[in-house]
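Trainee: Copied straight from TrEMBL:
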type	residues	note
TRANSMEM	B:16-37	transmembrane segment
TRANSMEM	B:44-64	transmembrane segment
TRANSMEM	B:70-89	transmembrane segment
TRANSMEM	B:101-122	transmembrane segment
TRANSMEM	B:142-162	transmembrane segment
TRANSMEM	B:191-213	transmembrane segment
TRANSMEM	B:219-237	transmembrane segment
TRANSMEM	B:244-268	transmembrane segment
TRANSMEM	B:274-296	transmembrane segment
Amino acid sequence: MIAEKHLNWLISAVLLAVPVAAWLAGEVYTVTLATRVAVLALAGVGLNLALGSGGLVSLGHAAFFGAGGYAMGILASHAQSYQPLMEWPFLIEGTKSMPVIWLVAIASGAISALAIGVLSLRTSGVYFIMITLAFGQMFYYFAISWPAYGGEDGLSIYVRNGFPGLDTLQPIQFFALCYALLIVALVLCARINASPFGLALNAVRQSAQRVETVGLSPLRLRLTAFVLSGAITALAGALFADLNRFVSPTMFSWQTSGEIMVFVILGGVGRLYGPVIGAAVFIMLEHWLGGVSEYWQLFLGVLLLGVVLFARGGLIGVFARRRVGHG
Amino acid sequence: MSMILLIEQVLNGLQFGVMLFVMAAGLTLVFGVMGLINLAHGSLYMIGAFAAATVAGMTGSFLLALAASLAAAAAAGAIVEVVVIRRLYARDHLDQVLATFALILIFSEGTRWLFGSFPLFLDVPDWLRGPVSLPGGILYPAYRLAIIGVGLAVALGLWALIARTRLGIRIRAGESDREMIAALGVDISKLYTLVFALGAALAGLAGALVGAIQSVQVGMGEPVMILAFVVIVIGGIGSIKGALVASLLVGVTDTLGGVLLPVAFAQIMQPSNAMLVGSALASMLIYILMAVVLVVRPSGLYGARA
Amino acid sequence: MADPVLELKDVCKSFGALKASDHVSLDLRAGEIHALIGPNGAGKSTLIAQIAGSLAPDSGSIHFDGQDVTHLGPSARARLGLARSFQISAVVPGFTVAQNILLAVQARAGRSYTMWSKADDMASDQVARWADMVGLSDRLGAAASDIAHGERRRLEIAMALAMRPKAFVLDEPMAGMGTEGVSAMTSLLDPLRLQAPILLVEHDMQAVFALADRVSVLVYGRIIATGTVAQIRRDPLVRQAYLGDEA
């Protein structure tokens, strides 16, 4: 346990040090890569709350990631065209302010997760997997068939949204924002895992019947975790959209759901920093293997298969164990 | 809207539905017998389509192409079962999801590597080209009618296989009691490989048949597979009968919804808005159907009560 | 006399042609241990499931603490103060003994949705107290999956106690225990009736006769007799249907 804690500190430090060093050396691209890692890790941290702590194998987290992305896209596109979102019964205007966008993204993720959760948590196991996957696909097709916000082509935002006191067009400053939000989410999840709610959620994963007999509702516990999880992933979606200054239905696709899950698993399910390591490894593979071969996902597939079949604790499991062995 | 157009759309829905059934039957069989959720089922669909397009390109024979799709998908299924899948039966669903997701990546990228990113085309054979006239003066493409026929034949064949053959008895026994069947001396690992290859062959067949009306390309399988999941959720896991009923329901709902909803909304709003709202809603219709079934019967229309 | 804490009236439950509960009426009064006995297949498990709320009766009513709970689920009934244990131990296997008890303590305190404070800070004295009552004080740090069968049974009792329930429903707490375990469990349960009455389903007749204030005998889904231990021993129907087979 202690070894894992040290490893977590190390990961946080490296994820901060690398882009800062790259920025000082003038390598902007590395800063962008690190920002991608932070944002995707945040999406994974969200899923990890449902998957790792709650045992909910959701293959539909793209719905929340996309909801956050579109929250940003819709608000910012209205702000850039000076068209209000709604005039009646009250006026709602677009905005380019990140804090407002984040709140809207979190709310839309939470509401989507509540709706999907209420329906899909009536079931469990393999049903739950298929249903979350299907609802994710519903969001995807809806985004494609709703032309007001770009339909299949998506939406471009010309200038990155702003944050009071920062110049978000500076890659390192935008990275700092994303990194800070990731750390906040990690601290939040660590607290939740150690809290009474975390204990109850953990118990539900292992024995729902036991939890019922002490007078708790497994459905409500799971739904709460699912909503929190969706909200965090939606925040990541808003940041991802801001990073690319672009949203498209791809954010809702089943591949996105699969990739978010891959971040969590590659790093190690239920481990606090699993998604961070997973996202970092994913981005590095994409960067390096993608440079070697156009078909880099083939190698990703083989690696993932290897991790699932042979390294069940994920990469943190491998490293943390090795550290214990050395210590 | 004319009656003829409506009947045509119902037939289109049926055609879509029976293809979904051929996909879903394999998935639900594999889940029912082995307890495995296989996300790579769509890849087998794709493999069938690519095998068919390749063989049709070489020989010009559509029937040989269909045979190739069955053989290629069954072979791919059997190999995957032996190399990867059988290590997953004892694992939890999460591991199954991840491993089969990895298989999708491997199959999709491998296919892209072999065939490139451009779509292939598989032509409808000459003898099925053109329309047939149905009673009531309806002209309907012969090929689509043939698909409906093949789908229903597969349904009948599966029913006969499960109800009437020794293999079927073993499959049913495997669904209800795994230890029992092993105790009876049935080679369970051979049975599993066989069932998996059978499901794969069906997926491959569906891919080839649909490949002739759509294009054959990487990534074609997953949207169909997700719809097959919707079918299974509605029909009830492990139930072939449920899969059939739900497939037709989903197929017809999706097809008719796309046509009728914009028309229906045009009664109450401007045509351009009606088109917009109607088609957006139509894209969500089958998921709404799934949600309703979940509320009313969480274990599906024909699923065992949880 | 005061109203019974738990009262079943004419509860019926059928599975196809099988009548698992056939007009069962039964009550549990303050301060008593009421044992429910019957041969295998008599419908005891089905009845327990209906009392706990995991199975809905076809007809009849169940009142608990003056309230109609016939249509409430298991967690709602637990919140009202109905604590149960299972025939096959149901503890959270990956938790320590202390965490298992803590789960019940925090549920009772209504703090299970608290997210910002640490779980073990709030109730270690209570956990220690319940563990002490069942003799698990020195096992607090052990994983629930590693402790002995008898200890797991006692852990279940501790979790039930931590709920400060208004009634206990214990499904074969002595099952699978040796003679020593049975007598230890008997002396653990004996004073519990003063905290809350116990509906005790049990196969071990010696334990039943030692503990029960009243006994009901369930045969083929029907209660054929209810009375004191002495009355039940004398009852001709019971002797014929149940004890008679053994004698």
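In case you wondered, yes, glycine gets a Cβ from its N, Cα and C as well.
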Trainee: At an 8 Å Cβ cut-off, counting only pairs 6 or more apart in sequence, do the transmembrane segment (B:70-89) and the transmembrane segment (B:16-37) clear the bar of 3 or more pairs?
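Mentor: Yes, these stretches are in contact.
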Trainee: Per the definition of 3+ C-beta pairs under 8 A with sequence separation of 6 or more, do the transmembrane segment (B:219-237) and the transmembrane segment (B:142-162) touch?
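Mentor: Contact between the transmembrane segment (B:142-162) and the transmembrane segment (B:219-237): absent, because fewer than 3 Cβ pairs are under 8 Å.
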Trainee: Within the same chain, where does the transmembrane segment (B:101-122) have neighbours whose Cβ lies under 8 angstroms from its own Cβ atoms, ignoring anything closer than 6 residues to its ends? I mean 6 or more beyond.
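Mentor: Residues 39-40, 42-43, 46-47, 49-50, 52-54, 56-57, 65, 76, 80, 84, 208, 211-212, 215-219, 222 contact the transmembrane segment (B:101-122) from elsewhere in the chain.
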Trainee: Take a look at B:142-162, B:191-213, B:274-296 and tell me which one has the most Cβ pairs under 8 Å to the transmembrane segment (B:44-64).
Mentor: B:191-213
